[in-house]
Amino acid sequence: GVGFKAGVKDYKLTYYTPEYQTLDTDILAAFRVTPQPGVPPEEAGAAVAAESSTGTWTTVWTDGLTSLDRYKGRCYHIEPVSGEENQFIAYVAYPLDLFEEGSVTNMFTSIVGNVFGFKALRALRLEDLRIPTSYIKTFQGPPHGIQVERDKLNKYGRPLLGCTIKPKLGLSAKNYGRAVYECLRGGLDFTKDDENVNSQPFMRWRDRFLFCAEALYKAQAETGEIKGHYLNATAGTCEEMIKRAVFARELGVPIVMHDYLTGGFTANTSLAHYCRDNGLLLHIHRAMHAVLDRQKNHGIHFRVLAKALRMSGGDHIHSGTVVGKLEGERDITLGFVDLLRDDFIEKDRSRGIYFTQPWVSLPGVLPVASGGIHVWHMPALTEIFGDDSVLQFGGGTLGHPWGNPPGAAANRVALEACVQARNQGQDLAREGNEIIRRAAKWSPELSSACEVWKEIKFIFEAMDTL
């Protein structure tokens, strides 16, 4: 005989190990597993562990040349999901040696590379990862982080204000630069390239970079405040992306931008290293995230993509607005917002946090709230996100009836009023609309904005949907 037992394997014999004690160096994953009818949860959980680590579908003789026990993933715990029939959370532990140091790309290729097409599963979703500190220490992380950014910009004690320049496609570079200048001059801290503004026939990247740099220097000189515009360096090749970042650095601007999911983690990590080495802040847009994270039972939850971004590197990341969205999102959104900002986050299933995660001093990332928000949302946003955030009003600035500078001024007045009210002990949740109305009395720009957009009902109680 050949000295080993040939044939197709029963995964749970090898990969389901409920007695396993997880190691501090293991990467832990929580998967939401929906097995095919007739497949027991232990077999499904074990199949996930096998297929995302050392397993293959049949016994191979080269298994004898390695130590499976040292390298295999293990499904160490399975629990049913309450309220769902035939859905389970399977916890899998991976030995650290399965992963290349400092590579988010390799981590994802291993953990989610193959297993999502597995026949024994009807659906699979990666809900959370626990990254061991020994692995985190192999990553640079964000180029600068929250504190360094505040020091660079000299802005403290309040959220930062931004605005995406619209219409996002079709403006010439000169007109685009004009809109940037007007918004910054009116009181915003940042303006932003849209995620799909790269280098198109109507506006090549170099022209846009030049006119935007001119705009922000002019606004800076006139306001005495440091200004920034997120210059989108995303490109078709890594070389071209770095070329654009180099040009931004030569212009002396403070910040560039990248679409990290469409651009890819390898490109993103390269750009983050360049940004730290050259003093550029890095704004991250999450275009394509909903392709991965929108389905409740299949895909990857955004908190995992957020964790991965903190490892790969970025100083800002878009993370939803909470207001005006579905109920139940508030606690879960704040779960991954804190995961981005804080140095340590405690396991809390009510917020979707499956594992306690220490970040061992990796810099934090500022969450960016953007999309469909306006001056009436300001108290809610200030209350929910706190000071360490970027609030972005695209239409909420450029849609002002008097033009861009008054639109920017209205947002700045609303923000300063909310911060002042909060610091004086007022309850933003209950008195929010009143605070905005009072501020509008001495700001015609805000008063006009208040008439265009409607007051919102700010209801805190959320139906959690874990």
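Residue numbers in this text run from 1 along the chain shown.
Even glycines carry a Cβ here, placed using N, Cα and C.
Taken straight from Swiss-Prot:
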type: BINDING; residues: N114, T164, K168, R286, H318, S370; note: substrate binding site
type: ACT_SITE; residues: K166; note: active site, proton acceptor
type: BINDING; residues: K192, D194, E195; note: Mg(2+) binding site
type: MOD_RES; residues: K192; note: N6-carboxylysine
type: ACT_SITE; residues: H285; note: active site, proton acceptor
type: SITE; residues: K325; note: site 'Transition state stabilizer'
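All features noted in Swiss-Prot, drawn onto the structure.
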residue	record	DSSP class
N114	substrate binding site	coil
T164	substrate binding site	strand
K192	Mg(2+) binding site	strand
H285	active site, proton acceptor	strand
H318	substrate binding site	strand
S370	substrate binding site	strand
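Taking the Cα of R286 (substrate binding site) as the reference point, the closest of the recorded positions K166, K192, D194 is D194. Its Cβ taken as reference, K192 (Mg(2+) binding site) is surrounded by 30 other Cβ atoms within 10 Å in the chains shown.
Listed in chain order, the residues near the Mg(2+) site other than K192, D194, E195 are T164, I165, K168, D193, N196, V197, Y230, N232, M257, H285, each with its Cβ within 8 Å of the site Cβ centroid. Just so you know, of the binding-site residues D194, E195, the Cβ with the fewest other Cβ atoms around it within 10 Å is the one at D194. Here K168 (substrate binding site) is compared against the recorded positions K192, D194, H285, and the shortest C-alpha distance is to D194. Comparing N114 (substrate binding site) with H285 (active site, proton acceptor), their Cα atoms are 26 Å apart once rounded. Restricting the recorded positions T164, K166, H285, S370 to those with a CA within 10 Å of the CA of E195 (Mg(2+) binding site) leaves T164, H285, listed by sequence position. Within 10 Å of H285 (active site, proton acceptor), counting C-alpha to C-alpha distances, fall the following of the recorded positions T164, K166, H318: H318. Here the CA atom of H318 (substrate binding site) lies 12 Å from the CA atom of D194 (Mg(2+) binding site). Of all the binding-site residues listed here (K192, H318, S370), K192 has the Cα closest to the Cα of K166 (active site, proton acceptor). Sequence-distant contacts of T164 (substrate binding site), defined as residues of its own chain at least six apart whose C-beta falls under 8 angstroms from its C-beta, comprise T191, K192, D193, D194, S370, Q392, G394. For the recorded positions K166, K168, H285, R286, H318, the greatest number of Cβ atoms within 10 Å around a candidate Cβ is found at H285. Fewest other C-beta atoms within 10 Å: among the binding-site residues N114, S370, that description fits N114.
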